Every structure is written in C-alpha cells, then in structure tokens.
Amino acid sequence: MGAPPGYRPSAWVHLLHQLPRADFQLRPVPSGFAPRDQEYQQALLLVAALAGLGLGLSLIFIAVYLIRFCCCRPPEPPGAKSPPPGGGCVTWSCIAALLVGCAGIGIGFYGNSETSDGVSQLSSALQHANHTLSTIDDLVLETVERLGEAVRTELTTLEEVLSERVELVAATRGARRQAEAAAQHLQGLAFWQGVSLSPVQVAEDVTFVEEYRWLAYVLLLLLVLLVCLFTLLGLAKQSKWLVVVMTAMSLLVLVLSWGSMGLEAATAVGLSDFCSNPDTYVLNLTQEETGISSDILNYYFLCNQAVSNPFQQRLTLSQRALASIHSQLQGLEREASPQFPAAQKPLLSLEETLNVTERSFHQLVALLHCRSLHKDYGSALRGLCEDALEGLLFLMLFSLLSAGALATTLCSLPRAWALFPPSDDYDDTDDDDPFNPQESKRFVQWQSSI
C-alpha cells in the first residue's frame, strides 16, 4: 500500500516491530497490529510484565544488600566515636545516583512534551479532516437545495410565460430534467452524510485522555524531582528523620517508575506494530465503523494512480448536466427575451443560480480529491508514529534511569544514615564526607581570620 506523503516508518518502528512476541504460554505471536485478538493482548501484557520482573529483581537485590549490610557489618570497637572510613564514598555514590535521576527527569520532561506534541498533531489532523468532510456535505446540500428551488420557482415560472411557444417550453422542460439529474448526481457525493463516526469526536476523546496522561507524568516527574532534592538536602544536613522519610518515598517512586516503564513499553511495542503498516488496520476499522464502500476508503487512504476516483462518473455527469443547462438557458435568452419580456427576470435568476452552482461544483471537485484528506491522514500518522513514539522512548529512558538511580539510593541511604554522627557530637564526623558541617565551620573561621 502507498505510504502517506511525508510518512515513512522510522528505524525505531522497524526495530520494535521485529522484537519477538509471545502469549502467556510462551507461544510465538504474529507482530501484526490486532488489539482485539486475545493472543496479541497477552503479548502486550507480557511486555508490560517484564517491568514487573525488573521491579521484583530490584527489590530482591535491595533486600539482599541491606540484609548483608545489617548482618555482616563488623562490630564497632568499644568506645569508638569516629565513624568507620569510607563514609565519603558512600555519600558520593548516593549523590551520583541522585544526579543521574535528575538527568533522567530532564529526559522525562522532554519525552512528555514530545508525546503531547504528537498527540496534538493527531488531534489537529482529525479536526481538519472533519472540517473537510463537513464542508463537502454542506456544499452538496446547498447545491441540491439551490437546484431544487430553481426547478420549483424559476423554471416553473418560465414554462408558464413561454406556454405559447411549444419549442421553448420543450427547451425549458429539458433544462428542468437536466437540473433534476444534476441534483441527483450531486447528492451521491456526500459520502460521509449520516455516518455515526465523527473525526472531531475522536479528536476530543484523544485530547481528553492525553490531558490526563500528560498531567500524570508531570506529577510523577515532580515527585521524583522532590525525592531527589530532599534526599540531597537530608544528606547535606545529615538529618536522620529526613533520610528515613526519603528512603520510604524512594521505595514508592521506585515502584511507580517500574510501573510506568511497563505501560510505556507495552504502548511503544503496540504503536510500532500499528505504524509499520497502518493502512490496512485503519481502512478495515473505518469500513467497519462507517459502512462506507472500500473503493472510497481506498481512494482516500492510498491516493495513488492505481486507485481511480470513485466519484469521477458522478462528477462528469453533473458537469455535463450543468453545461447542458447553461447551453439551453443561452438559447432561451436569445429566442425568448425579444418576444417575452416577462421571461427576462426568471432567466437572469436562473443564470445567477447556475453560476453559483458551478462555483460550488468546482469547489466540490477540489474537496473531493484525495489530496486534502490524504494529507491529513499523513499528518496524523507522523504525529502518532514519529513524535509520540519518540516521546514514549524518552519516557522509557527516564523510567529506567530513575529506577536505577532510586535502587542505588535505597542501597546507599541506610549506610549513609548509619554514618551520621549523633546530634551532640558533630566533631567526630568523617573528614572525607563532602557534607561534613565541621569542615564548613572551619572554612568559615579560616576566612574570618585572614
């Protein structure tokens, strides 16, 4: 199938699409996008479950490390006041992990923004497509009503005025038949009229979900940022109660990070399957929801020379009918105006109606061409399969970095907490500790003595 203009599946789409998939029985599952298929749903759930496995391994590692730290720690010599050496190394490792987490937060904000931009582009494309479809329906309705009004009023009046000339009455009735035929042909061009599926409603639903997704990620990013900052503050002030609280919060955020990573991974894999061949799924789904013929849908979704315009015959017949009406009105104006002055007014009104109808017809021809709607289709795919997918990958990187940083922090904080001096004995803190308050006090005293 022909790709929409400007859209080509990216390298990330190909890479994620080629990853193996399996159901709960570990049987291979095809990578074609089939969200209603139970085996495909199980494959995506299994991808999300890998994050749960990562969370379990992280918790086991942290538990084993802390148990070893508590049970295998050598006893302190009697009367020892200074903490064991290496406190600075423990503190610096915790600081490094927190700085990595802060870098991941920046990546997360960028990914969240990219995903939001992609969804916004999808929503804008759907709204523009809805505007095009609504304009087609409105133009067809107005044109058909205008021709019907001309048949009921001007042509009827003209027949009454020209009743004395049989050949002129015949020409008038011929124009009536052509107007009715043109209206009938034009009425079949409103292919979206009466369809329950509304692109603007889909756009509103997508925007509604995206707003809550964006807000949820902003809150998660801010929560991770606050945990990192307050943990650094607790290390700087050597506040035991703050470190204990941040340890509990780090455990909570660790669970949230792995959970968000599972959702992101499953969504990215499913989105890559859709983006590798979107035409087939979108065409089948649209035909199922709207009941529109496959010829029309193929014309707009593919828009290439291999697919003919399904409206070409109706457009040709309508154009011929309008040209015939125009020719007959010109003949009536030449023959009837000198002999029947009363025919001048309906003829002028008919001529004006015909000119407006021809302008609307040419506008319809432009709107019915596949270029406009196919361009919207390509824009929607680029927003979803390029910006949104790229944003999801950055969010996955954020989740991975924050999970690793928080796991390291959870291993380091209890050791750092154990190295904190009692509140009444700050003079015995480790000289290697970068947050040693006595070192800061000595530095201030040295400056004042200069």
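Just so you know, glycine gets a Cβ as well, placed from its N, Cα and C.
When you check Swiss-Prot, the disulphide partner of C385 from the set C102, C228, C275 turns out to be C275. Between C370 and the candidates C303, C411, Swiss-Prot records the disulphide bond with C303. C71 and S412 share a topological domain name in Swiss-Prot and therefore face the same side of the membrane. Considering only the glycosylation sites N130, N284, N355, C370 (disulfide bond) has N130 as its nearest partner by CA-CA distance. Secondary structure counts, DSSP: the topological domain 'Extracellular' (262-390) has 114 helix, 0 strand, 15 coil. Within its own chain, the topological domain 'Extracellular' (1-43) is flanked in space by residues 268-270, 272-277, 279-281, 301-304, 306, 374-375, 377-379, 381-382, 385-386, 389-390, 393, which lie at least six positions past its ends and keep a Cβ under 8 Å from the stretch. Across 44-64, 215-235, 241-261, the stretch most heavily in contact with the transmembrane segment (89-109), judged by Cβ pairs under 8 Å, is 215-235. For C275 (disulfide bond) paired with N130 (N-linked glycosylation site), the C-alpha to C-alpha distance reads 22 Å.
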